[in-house]
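Accompanying notes for the structure given below.
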Amino acid sequence: MALDVKSRAKRYEKLDFLGEGQFATVYKARDKNTNQIVAIKKIKLGHRSEAKDGINRTALREIKLLQELSHPNIIGLLDAFGHKSNISLVFDFMETDLEVIIKDNSLVLTPSHIKAYMLMTLQGLEYLHQHWILHRDLKPNNLLLDENGVLKLADFGLAKSFGSPNRAYTHQVVTRWYRAPELLFGARMYGVGVDMWAVGCILAELLLRVPFLPGDSDLDQLTRIFETLGTPTEEQWPDMCSLPDYVTFKSFPGIPLHHIFSAAGDDLLDLIQGLFLFNPCARITATQALKMKYFSNRPGPTPGCQLPRPNCPVETLKEQSNPALAIKRKRTEALEQGGLPKKLIF
């Protein structure tokens, strides 16, 4: 068994260091058997005492789920093997991510580009939800793009099967800026709506080229949501007041969506409105979103091979584009993950 693990590890030739997070290091490598370029995510499992932090559970969950999934818009897990206190996951190599594209001010994102990114995101998400899986951590840097412009959902460390009646989940999921209001109010029972709200935030970020609702705390996040979209009433969201962490907010009128997204047509505004419905039971699903007029109306989505590619190194873009927001994003993610990331997080 040990020889098998060692031979599998030797199968991959490391080519470049891609990034490091609190629990994982990512390398670009070449599969010597197939000559395929891959990404290896080396996770530090640690000792049993550290397993209480969920490191082991997160890695095993990601492996288990990805082994069962196969879709053009879901990252492919090619191999997985353990050695000592580490486990290595071998993935499709992806050239960049949506956060890099959004931040590269030298790129012009046309309506057709944005439609293509949203189409691929929703197709991958529809597949997940049809297989009773919530991603629970959708954000631009978890939407990866390969050299052919194909977008794939990645980082399934927080993903979870759903559908069991009366089953409670943790509400401490999804990076705060993309977190649905029901999670911010402490909901323990939730469904696909948490992913759909995150998609709405990603779509808004594609249109505005900056994070839509960059809150500093859960309370500030809710305040930003209500100031922008209006404070929901009990008629709009019947179960709101019964949520564990519900607090009463000032009644904000909100800003009309066509004022925020002034270049968006009615079909796109309808999609945005459906994604940002406060009542999670009324919020549109991925399947419903894909059937909306926005995706059938002109212009059509840009083919993947014609989508823009970043002109600057990834690190330069992530650190130099809007430095204040970049620092704020890193600080927010670090606090939620319990430590400071050293470089890119795969």
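Placed from the backbone N, Cα and C atoms, the Cβ positions cover glycine too.
K41 is the only one of K6, K10, K32, K41 that Swiss-Prot places in the ATP site (with L18, G19, E20, G21, Q22, F23, A24, T25, V26). Candidates T58, T170, T223 were compared with Swiss-Prot; the annotation phosphothreonine appears at T170. Among S49, S296, S321, the residue that Swiss-Prot annotates as phosphoserine is S321. Residue with Swiss-Prot feature phosphoserine, selected from S7, S70, S88: S7. In space, V26 is the closest of the recorded positions E20, Q22, V26, D137 to S7 (phosphoserine), judged by Cα positions. Look at Q22 (ATP binding site): DSSP puts it in coil.
Q22 (ATP binding site) sits 16 Å from D137 (active site, proton acceptor), counting Cα to Cα. In this structure the alpha carbons, written CA, of E20 (ATP binding site) and D137 (active site, proton acceptor) are 18 Å apart. Of all residue pairs in L18, G19, E20, G21, Q22, F23, A24, T25, V26, K41, the annotated binders of ATP, the farthest apart have Cα atoms separated by 14 Å. Taking every protein chain shown into account, E20, D137 are the recorded positions, and of these the Cβ with the most other Cβ atoms within 10 Å belongs to D137.
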